[in-house]
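Working notes for the structure below.
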Amino acid sequence: MISVFGSANMDLVAYVAQAPKPGETITGRAFRTIPGGKGANQAIAAARAGGRVAFLGAVGDDAFGPGLRAALAGAGVDTRGVRTVPGPSGVAHIVVQDGGDNSIIVVPGANGALTGPSAEDAETIGRSRALLLQLELPMEAVVAAACLAGAVTGAVTGTEVILTPAPAVPLPAELLDAVGVIVPNEHEAAVLTGRDDPRDALEALLDLVPEVVVTLGARGALYGSRDGVRLHEPAVPVRAVDTTAAGDTFAGALAVARTEGLGPDGALRFASAAAALSVRREGASTSMPHRPEIDRLVRDRT
Ligand code: ATP
């Protein structure tokens with residue numbers, strides 16, 4: 001099983017010709033509400049990719065809470081670890097201009113109420129092969145979850161912590177000590193290490209965690225481990241329609257492949273195939289591929 005301890009946001013997306021200036025009111029072209037948040041996205045991606053997934057997080061007692069739960073449950077994610085807290089759910093208020101430029105306001109809402117895993121969450125994490133974390137929850141909550149999995153690792157179950165360090169902020173040492181694999185994109189890798197070249201950043205990150213995957217968008221992904229393996233997995237060439245959540249699809253699929261016992265190259269190939277399939281379609285969770293499609297693409301490429 002894979003646990004995801006992370007954020008769930010309702011994305012409120014307005015499509016406009018040009019974003020309004022301060023004080024200006026404009027008429028938009030279209031509006032969509034799309035369940036998102038990096039935690040929920042990774043949970044849905046992992047479930048679609050064939051994983052047994054539990055999402056641990058919080059939604060508000062507003063109108064968006066049930067929609068977020070339903071989106072996770074609809075993808076086959078176990079939502080028993082989702083609590084409802086008083087107040088609004090997390091929302092991302094997104095304005096998409098013609099030509100694709102975005103401006104985004106994230107209001108954490110219920111996500112900000114999480115201080116750490118509950119006793120039930122701890123039990124779920126202890127039974128999981130992998131724990132997926134991102135940084136859209138309060139840092140203390142992320143650290144608590146990572147330390148919990150890290151503590152179990154040597155002792156009983158071996159819960160591998162896979163961290164997507166987004167949004168990129170300095171990482172506390174106790175978090176890094178518990179992480180098995182870190183999966184930044186190249187921007188995050190540069191922020192975390194001060195190295196603009198992703199290969200240099202990867203080497204610097206290997207001083208901090210045992211395994212590193214740096215995603216490079218259409219240029220694929222780099223992998224390195226402390227035992228000397230270095231790989232570059234090119235992206236699958238596709239006509240990109242919308243790259244939103246490509247990174248979350250990649251991370252979710254990577255976790256599935258690793259928990260199924262694939263080695264670094266097989267896991268990268270599987271994750272790259274899943275991410276490429278997601279960029280061919282619009283939206284975040286709406287674009288994530290199901291297992292048979294991923295298997296077919298992996299087969300076609302080998
Ligand atoms: P996002 O923030 O949009 O979720 P990200 O910046 O975290 O994405 P990227 O590095 O852009 O992550 O992409 C993750 C992976 O998705 C890449 O390593 C690659 O495998 C795949 N990918 C991204 N863009 C493309 C593309 N245009 N064509 C094919 N594969 C892609």
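Glycine too: its Cβ is placed from the backbone N, Cα and C atoms.
Just so it is clear, the model here is predicted, and its values are computed rather than measured.
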Listed in TrEMBL for the substrate site shared with Asn9, Met10, Asp11, Gly37, Lys38, Gly39, Ala40, Asn41, Glu136, one of Asp242, Asp248, Asp265: Asp248
Site-mate of Thr215, Leu216, Gly217, Ala218, Arg219, Gly220, Gly247, Asp248 for ATP in TrEMBL, selected among Asn111, Asn185: Asn185
For Ala40 (substrate binding site): DSSP state (helix, strand, coil): helix
Counts of helix, strand and coil residues, the region 'Disordered' (281-302), according to DSSP: 14 helix, 0 strand, 8 coil
Among Asn9, Met10, Asp11, Gly37, Lys38, Gly39, Ala40, Asn41, Glu136, Asp248, the record's substrate binders - longest CA distance, Å: 16
Least surrounded among the binding-site residues, given as Ala40, Leu216, when other CB atoms within 10 Å are counted: Leu216
Largest inter-residue Cα distance among Asn185, Thr215, Leu216, Gly217, Ala218, Arg219, Gly220, Gly247, Asp248 [record-listed ATP binders, Å]: 16
Confidence summary for the domain 'Carbohydrate kinase PfkB' (2-290), mean pLDDT rounded: 94
Rounded inter-Cα distance in Å - Ser278 (K(+) binding site), Asp11 (substrate binding site): 18
